[in-house]
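To start, the structure itself, in structure tokens.
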Amino acid sequence: AAVDIQPACLGLYCGRTVLSVNGSLETYGDCGVCPRGQRTDDNKICRECVGSPDRYDWLYLGFMAMLPLVLHWFFIEWYSGKKSSSALLQHVTALFECSIAAIVTLLVSDPVGSLHIRSCKVKKLSDWYTMLYNPSPDYITTVHCTHEAVYPLYTIVFIYYAFCLVLMMLLRPLLVKKIACGLGKSDRFKSIYAALYFFPILTVLQAVGGGLLYYAFPYIILVLSLVTLAVYMSASEVESFKDLLVRKKRLVVLVSHWLLHAYGIISISKLDKLEQDLPLLALVPAPALFYLLTAKYTEPSRILSEGGNGH
């Protein structure tokens, strides 16, 4: 029987597309870039992504979806002022915008009209940066094989950010103009202006560091939730459980940090073994309890007074 001998397909992510299938016989094209929604298998053949995102993939997408929402809430709170009663409604609107954007993003992704998406499995860090692995067989001509090997985890984030931005520009200015009466004309739109800055930053962050974020986001969540909780409690002069109960807002912030902390723990453990991983969630309140129990011993005025008495 004649064997079709083809030159080797060089490059880590170059592959041959399947042109036709006749029973068990497949006809392949030239070595090159795989079409969108496909990636190479072990035999350098472009195969369609037919899998589903695993639990860790969904947690990563959830983290990337939370970033603009948390930033929205932060800047709304930052610019709303203490006397403004419009902050709560803006918080709810931001949540509505991001939720609708996430649903629409899933609906327009393949398969269209379904909340499920098909994806390729992430095997290693280089899968996120296929543009760095284009081969040069003769050291002169570069064979461009850049494609989304982690389909659709890379591009779906950009689509989500685009929908978030469009919905914000459609809904928020009208809302703020009507309800933000307690703010000056120049202050009421500052949270929207801030979003026009951080969305491009998030886009560049995903474009450059998407693969790094994929592997590091659980630890980023844990560190940021601990640091921001300590900074907030210190700035709010929370030194006891009584101080937390004085204002409902402090309790809301505390519970929000606990939820983030739990999200980070779940992302690290992936809940593969429930009997071992679920007890780890009992550690969620530990940092806050440690802070409240030790805050009175680290009061700066007390340390300075004791130091002065010692000398």
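Positions of Cβ are set from backbone N, Cα and C atoms, glycine also.
Copied from TrEMBL, the annotated features are:
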TRANSMEM  58-76  transmembrane segment
TRANSMEM  88-108  transmembrane segment
TRANSMEM  151-171  transmembrane segment
TRANSMEM  192-213  transmembrane segment
TRANSMEM  219-238  transmembrane segment
TRANSMEM  250-266  transmembrane segment
TRANSMEM  278-295  transmembrane segment
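Scored on C-beta pairs under 8 angstroms, the neighbour of the transmembrane segment (151-171) with the top count among 58-76, 219-238, 250-266, 278-295 is 58-76. Two recorded stretches are said to be in contact when at least 3 C-beta pairs lie under 8 angstroms, sequence spacing 6 or more; the transmembrane segment (219-238) and the transmembrane segment (88-108) fall short of this definition.
Outside the transmembrane segment (88-108) by six or more residues, the chain places 65, 68-69, 72-73, 76-77, 80, 114-117, 156, 159-160, 163-164, 167-168, 171-172, 175-176, 179-180, 191 with a CB less than 8 A from a CB of the stretch.
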